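Novice: Quick paste from TrEMBL:
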DOMAIN    42-292  domain 'G-protein coupled receptors family 1 profile'
TRANSMEM  30-51  transmembrane segment
TRANSMEM  63-90  transmembrane segment
TRANSMEM  102-121  transmembrane segment
TRANSMEM  141-165  transmembrane segment
TRANSMEM  199-227  transmembrane segment
TRANSMEM  239-261  transmembrane segment
TRANSMEM  273-294  transmembrane segment
Amino acid sequence: MSSNHTTSRLPAFLLLGIPWREDIHKWLSIPFFLLYLAAALGNGAILVAVARNPSLREPMHCFLSMLAVTDLALSGTTLPTTLGLLWFGISQVAFDVCLTQMFFIHVASVAESSVLLAMAVDRWTAIACPLRYSALLTHRVVARVGLAVLIRSALTLLPLPFLLLRLTYNDQRRLTHSFCFHPDIMKLARNETEVNVHYGLFVILSTAGIDSILIILSYIPIARVILGLGSWGERVRAAGTCVSHVAAVLVFFVPMIGLSVMHRFGSHGPLPLALVGYIYLLVPPALNPVIYSIKCQCIWKTLLRLCFYQPGVPRWTSSPHPSHIKHKSLPVTCSQRFSVQTVQIESPSMGSSQSDETSIGLVFGDTPV
């Protein structure tokens, strides 16, 4: 009796690939493998480029590196069970392994939501307060944000495995996906799951719900600044700096919210749930490097320099030492809400008759800078 009771409490779950398509799992493994490969190569390339090029140490690229790490974690947690099922037909997964995979899938999801929120704050700071951008988002601040993202994700999801351990499960142990997902496991329980339902809803609302609302609110002052620019070309250039982030937000949050709603409030078959689950966990890690490479071409230029490096030729162009540069600020008032600060750089090696003038950008405020 004790042995049977233990088996019912800690079962081995059966994974499901594409429902009613088991005969073509071998062929379906090809696009899945390509998505995993694209996620690994694309996000790995971003990490290598930022690590090797000193000029890519700005907060924007640091947050992009965090996004690449979370994408690698999100795709890496589902890779063993998904490809194991499609390639070798391994459909059984132990209970403790399933809980471990579920925990890391949800931790990576919450971490990616938090990183996207941090990137929204970064864009707001860069557009609304360009002259204070470097002072506000220092490397120490970025490191603290990364640590806060990790702590928030781990502590929020820590109770989930323990809430599932207290349940007993039915003899029907087939999951909807080829990976372990909290709502999917919870539906197989025999006893009451009200605590799991309420806590799962709390996790969604306190992480992805709050993050998505704050991201939307952050774009309100950004839109005001962009619409306040003088010419249409300036508006397009300013809005272009946010296009990649908006696309990444939509690619991640739309299938995530859709999957949560389908699991909790819908009566759908296994096929729609499986398809939305794969879109949620596989598409964002594979697409995010492509989305950001369109605007951040400096990353791919860095990789090309690393691949085709010639000895004796410096990889990166070093900027002059700060001690040899004289800065002179020339504030020019544009209106009551905006001002432009031009910095004139004079180098002794260039002579007093030569100088470079660089426009720093617009400042949002009531008084000129």
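Backbone N, Cα and C atoms are what each Cβ position is placed from, and that goes for glycine too.
Nobody curates TrEMBL annotations by hand; they come from automatic prediction.
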Novice: For the transmembrane segment (199-227), which recorded stretch in the set 30-51, 63-90, 102-121, 141-165, 273-294 gives the largest number of Cβ pairs separated by under 8 Å?
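Specialist: Counting Cβ pairs under 8 Å, the winner is 102-121.
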Novice: May I ask for the residues of the chain that lie six or more residues beyond the transmembrane segment (30-51) and have a Cβ under 8 Å from a Cβ within it?
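Specialist: For the transmembrane segment (30-51), the sequence-distant neighbours (Cβ-Cβ under 8 Å, at least 6 residues beyond its ends) are 57, 61-62, 64-65, 68-69, 71-72, 75, 79, 82-83, 86, 278, 282-283, 285-286, 288-290, 292-293, 299-300, 302-303, 306.
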Novice: Would you kindly list the residues that approach the transmembrane segment (273-294) from elsewhere in its chain, counting only those six or more residues past its ends and only Cβ-Cβ distances under 8 Å?
Specialist: 16-19, 32, 35-36, 38-39, 42-43, 45-46, 64, 67-68, 71-72, 74-75, 78, 105, 112, 176-179, 181, 244, 247-248, 251-252, 255-256, 258-259, 262-263, 300
Novice: Any idea what the model's mean pLDDT is for the domain 'G-protein coupled receptors family 1 profile' (42-292)?
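Specialist: For the domain 'G-protein coupled receptors family 1 profile' (42-292), the model's average pLDDT rounds to 90.
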